[in-house]
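Contents: one structure, followed by commentary.
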Amino acid sequence: MIELGVNIDHVATVRQARRTYEPDPVIAAALAEQGGADGITFHLREDRRHIQDRDVEVLMKTVTVKTNLEIACADEVVAIACQAKPTWALLVPESREEVTTEGGLNVLGDQGRIRAAVEKLKGEGILTSLFIDPEPEQVKASAEIGVEAVELHTGPYALARGAAQIHELDRLRSAGKVVSDLGMRLHAGHGLTYANVRPVAALPNMIELNIGHAIISRAVMVGMRDAVAEMRRILDLVS
Ligand SMILES: CC(=O)[C@@H](O)[C@H](O)COP(=O)(O)O
Ligand SMILES: NCC(=O)COP(=O)(O)O
């Protein structure tokens, strides 16, 4: 059965639009659990555009399923993660100008810095994952660092149409085989929706999908619990 990580960042985006107290991502996380989430994902960005330090502290006290804290490879947020001790830490690239995550980590070109962050996290008993483009060389570099999982960036797949989308799915399938052959857990995420998720969920050895924006968008209309339950039902049809 595919494990569903629900990313609650954009509940906090709505709250931060007014710099107020609601909607609270902590409550959203509890409702997501009731809807069938296997994990809660939250991204403490360096610019704090959505998830705040307070959210991380309270989520770590209230979430009863896996916690997956997304952070940049930066000393400040790595230290916060080491203090918070989530189940998983996912290292992601960040830039202030981006609307959302654009590409994967360049593990090949930044192995020393990424390795140092991973070792600090592992030292606190935190499982580690790297968000990368579906490139075999990036997968191999990730395995050399010793992370337990790799999350393949599904953004290009989500944005593509027709033959281009089939090509992107083939890239994910090929890179996913390398992930599994090297003994790491195969995760995927970014831009997945109720309409495009099934082919990715059906990829060989896929273990976990992290989905946020589409679920929160649906939750605005039907509520968080039902939005998660609908995604859960789709994934259960696949596995
Ligand atoms: C890495 C990824 O695709 C998401 O998990 C990330 O959280 C996107 O950043 P925003 O949530 O700020 O859009
Ligand atoms: N790591 C991907 C994630 O957590 C959710 O990304 P999105 O579904 O909000 O694009």
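Just so it is clear, glycine is given a Cβ too, placed from its N, Cα and C backbone atoms.
What you see is a predicted model, and the numbers here were worked out from it, not measured in a lab.
Here's what TrEMBL has on this protein:
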ACT_SITE  His43  active site, proton acceptor
ACT_SITE  Glu70  active site, proton acceptor
ACT_SITE  His190  active site, proton donor
BINDING   Asn7, Arg18, Gly191, Gly212, His213  3-amino-2-oxopropyl phosphate binding site
BINDING   Asp9, His10, Arg45, His50, Thr100  1-deoxy-D-xylulose 5-phosphate binding site
SITE      Glu151  site 'Transition state stabilizer'
Nearest of the binding-site residues (Asn7, Arg18, Thr100) to Glu151 (site 'Transition state stabilizer') - Cα to Cα: Asn7
Candidates Arg18, Arg45, His50, His190, His213: member of the recorded positions with the richest Cβ shell (10 Å): His190
When distances run from the Cα of His10 (1-deoxy-D-xylulose 5-phosphate binding site) to each of the recorded positions His43, Glu70, Gly191, His213, the nearest one: His213
Recorded positions clustered about His43 (active site, proton acceptor) [Cα within 10 Å; pool: Asn7, Arg18, His50, Glu70, Thr100]: Asn7, His50, Glu70
Residues among the recorded positions Asp9, Arg18, Glu70, Glu151, His190, Gly191 that border ligand 1 - Cβ under 6 angstroms, in sequence order: Asp9, Glu70, His190
In sequence order, those recorded positions of Asn7, His43, His190, Gly212, His213 whose CB lies under 6 Å from ligand 2: Asn7, His190, Gly212, His213
Rounded distance in angstrom between the Cα atoms of Thr100 (1-deoxy-D-xylulose 5-phosphate binding site) and His213 (3-amino-2-oxopropyl phosphate binding site): 10
Pairwise Cα distance for Arg18 (3-amino-2-oxopropyl phosphate binding site)/His50 (1-deoxy-D-xylulose 5-phosphate binding site) [Å, integer]: 11
Shell of the 1-deoxy-D-xylulose 5-phosphate site beyond Asp9, His10, Arg45, His50, Thr100, same chain only (C-beta within 8 angstroms of their C-beta centre): Asn7, Ala12, Thr13, His43, Arg49, Ile51, Gly212
Cβ contacts of Asp9 (1-deoxy-D-xylulose 5-phosphate binding site) (under 8 Å, same chain, 6 or more positions away): Pro25, Thr41, Phe42, His43, His50, Ile51, Gly212, Ile216
Candidate with sparsest Cβ neighbourhood (10 Å radius) among Glu70, Glu151, the listed recorded positions: Glu70
Among Gly191, Gly212 [binding-site residues], residue with fewest other Cβ within 10 Å: Gly191
Integer Å distance between the CA atoms belonging to His190 (active site, proton donor) and His213 (3-amino-2-oxopropyl phosphate binding site): 8
